[in-house]
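First the structure, in the form of structure tokens, and then the observations on it.
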């Protein structure tokens, strides 16, 4: 109910969004302990998507839009599950998710403060909300009774959590607040949640305009991404702890079906609960029967005691949401990220600011964009090094880690730890040229330790051809060691099989070094052809022939 109010919807919608999804997931979900329902991370996204379209301010209109949003989220997830697109959630890296969820938590917490203190504001974003709260407090708009109820409820919930009591603090706070409201007659003094509608809504699709449906498509895709990203992490975590296997595509279809169901029965988008799932497991949940029991319990409450919520203060509900949202804040994770990588900590901070300053829906795009920037950034300037020999250790090693190593006169061994593509091809070229220029002795061979190179595009091939021409002009042979078969195939595909002939490739760095040391007794390689600079116009070999035997 608290998450429903945080999403700008009637409180009872939170109950509708709990009953049917739990039953649907119990039938279709692969996880044995995952608990579905409204979630604090989705609440501000739902509010940002629905409230601007509910121009009249009618709660029923907002609820209808939220139901359609849930249907769209469900359809997107089911379709993505059948297309096996679960990998898309990897777009949200851990630093990005850390910053994003911290931003969401701050938005929810600030949004609940006015209700906790008994006044209302209507501002479009977090900075404006903060300014409005300060103005309201300065103007004396704080309701002392609502504040007393809300703060007391907050203290009770936090105290029970700190004491790790077996009885949930939320239950004690809600029951106590309802009892105090009834005894002291607070229903006429402060805002209450109100009685629930009798019975359950019949399954239906809300009547909204096609313009509204189109406007909800973008937010639905973002909510689907966040919902499955959170669900996937929880599902994999608990499956690994129990030794179970969970298929991501099946999980995605089950979450989608649960969202379709909640959209038909008056609910709003849901996902796995990061707070209720651990509680269920700690209390001995072993199957989805726990979800069925939870759904039945909520259903009985709706049918048998709908009037109880007429005595539930909104300030108490705000305290419940505040505590739940605060659980999303991960200060320890931020500190750990800062110690591990300042760059990734910066990405987390940027995602946080994107949500806090730009908006929760726009923050998703900011987060995904930052993830792409992070991926390209890692590949754009990857680790690269020269390899050297050690006196008493076999193999060839990073000169930065082993400055005592010695170079092989006339041979330059280079390792580039990334795929070669348009963003780093010139960096690779410049790095090799700089090593050649700085070499203390004339270089005769350059051997690329190519095992870390797992990708190649046309721009990178052009850079390789330019580098080969540059080295051939200085009578330096370019060769490759341990290059993967698919990368060799790419060279042939791009039409440079005649330039990079089979005698340029060696199965290991060791065999390349042996070939270099025996070069005096072997025929000297012909310089690379200087034909048409547009290598794509040359002949394309069908495949790279087998390497000729060399004398050892």
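Numbering starts at 1 and runs along the chain as displayed.
Placement of Cβ uses the backbone N, Cα and C atoms for every residue, glycine included.
As written in TrEMBL, here are the features:
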- 6-28: transmembrane segment (TRANSMEM)
- 40-57: transmembrane segment (TRANSMEM)
- 63-87: transmembrane segment (TRANSMEM)
- 99-121: transmembrane segment (TRANSMEM)
- 145-163: transmembrane segment (TRANSMEM)
- 170-187: transmembrane segment (TRANSMEM)
- 207-228: transmembrane segment (TRANSMEM)
- 289-309: transmembrane segment (TRANSMEM)
- 315-335: transmembrane segment (TRANSMEM)
- 347-380: transmembrane segment (TRANSMEM)
- 401-516: domain 'STAS' (DOMAIN)
- 518-552: region 'Disordered' (REGION)
Should anything in the same chain at least six residues away from the transmembrane segment (63-87) have a Cβ under 8 Å from its Cβ atoms, list it; otherwise answer none.
7, 9-10, 13, 17, 46, 49-50, 53-54, 205-208, 212-213, 216-217, 219-221, 223-224, 227-228, 232, 248-264, 266-270
Residue list, the transmembrane segment (170-187) vs rest of chain: Cβ under 8 Å, 6 or more residues beyond ends.
145, 149, 152-154, 156-157, 160, 308-313, 316, 319-320, 323
May I ask which of the stretches 6-28, 40-57, 289-309, 315-335 has the most CB pairs under 8 A with the transmembrane segment (207-228)?
40-57
I'm a bit unsure how to read this: which one of 40-57, 99-121, 145-163, 289-309 has the highest number of Cβ pairs shorter than 8 Å with the transmembrane segment (347-380)?
99-121
Taking contact to mean 3 or more CB pairs closer than 8 A (sequence separation of 6 or more), are the transmembrane segment (40-57) and the transmembrane segment (289-309) in contact?
no
If I count Cβ-Cβ pairs under 8 A between the transmembrane segment (145-163) and each of 6-28, 99-121, 289-309, 315-335, which range comes out on top?
315-335
Find the member of 6-28, 289-309, 315-335 that has more C-beta pairs under 8 Å to the transmembrane segment (99-121) than any other listed stretch.
315-335
